[in-house]
Amino acid sequence: MACSTQQSRPHWIPATNRLNATGKSSMDYVAFFDPSTSRIKRLETEGFKFSRGLSLHGMDIARSREHPSELLIYLVNHREPLEGKDDGREVGADSVVEIFETKPGSDTMRYIATFKDSVIVTPNDIAATGDEMDFYFTNDHGFVKTGLVCLFSFFDFSNLNEYIVGWMRIDLDLQARRLNIDALLDLGWSNVGYCHAHKGCKVAADNIVGANGIVRGSDGKYYVASSTSGRIYVFERQTDDSLVLTDLIPLERSVDNLSIDQTGAIWGAGLVHALHLVNVHFETPSINTPSSALRITLNEGEGSYFGEKYKVEKIFEDSGELASGSTSVAYDSKRKKLYLHGIAAPHLTVCDVEV
Ligand SMILES: *[C@@H]1O[C@H](CO)[C@@H](O)[C@H](O)[C@H]1NC(C)=O
């Protein structure tokens, strides 16, 4: 788990336009939960001596191909801009992807490398590829598109500059949803990026609506959740490392993050009340907000004849008392445990769930 403090979240979540770097935490850390003992252990860093520290968000872990006893940890690090803490609101975060290495059970992680590139703009989540040289990631707000500025006349914005950094981000998506302007919601201004240690980074898939969680399926395809439109994009990797869309899975609600269980099923954190999550719970994390977990599998039943390739089931939903603000859910199909956590959530929730 990539962990931070609840106090810092109202100030610093670049994905939702919280860019007050003065209030951000720089001491975030990776912790593991051991399901056999239910203990949480925090990893100390080794060799990571950068003054801007770690401000974590999405991550992935993969076994190293060259050294199978080692694990590689990929972390989104939302650093404050070099110019200074006050500039966060103007220029956004100076986000990078950090690579660490550890061994199962170890309580340290060793720093390996930092990926900084103009394609890494607003990174949200990372998917390892199985090769240690490269990874895919989502930019939840991609690039600022020219021509978009005219849309601002819909709203009464007095300071356009501020909103180009600010409201251009997810708040505009949410605003559009609230006002029911579908045309705005369907503007795909997020993307999936690809980085390779020698070849550098590039945009692998563009024009995605609200790209958020990304996961590599057991079929080798990449699944990307749309946090604003309620769908999952299914991509196939090409020889040039770009991604080609092969399917769109419609969902009845927006999903934040995705994970995959040992049987190959995809799990998504379904957003029950996205505006409440982003505007109320992120502002005051102690206020609970509902959570849900969706499970997506290949449809082997009757519906498959009628073009329903995927089966989507809601496995869990809670008012927020047990699981508040879950933006990530993960299922352990061996132990039959469902894990739920969130970017500003008060705790990890573990449920016995049989599917
Ligand atoms: C999404 O979930 C995966 C799997 O549980 C996790 O590794 C990743 O850090 C999560 N990303 C975000 C942005 O929460």
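Using the three backbone atoms N, Cα and C, a Cβ is placed for every residue, glycine included.
The Ca(2+) site recorded in TrEMBL comprises Asn124, Asp125, Asp256, Asn257 together with one of Asn77, Asn191, Asn207, Asn212, namely Asn212. Under 6 Å, Cβ to nearest atom of ligand 1: this is the test, and of the recorded positions His57, Asp125, Asn212, Asp256, Asn257 it is passed by His57, Asp125, Asn257. Calculated from their C-alpha atoms, the gap between Asn124 (Ca(2+) binding site) and His57 (active site, proton acceptor) amounts to 7 Å. Summary of the Ca(2+) site environment: with the site residues Asn124, Asp125, Asn212, Asp256, Asn257 set aside, the chain residues having Cβ atoms within 8 Å of the Cβ mean position are Ala15, Gly58, Thr138, Asp140, Ala211, Gly213, Ile214, Ala225, Ser227, Leu258, Thr327, Ser328.
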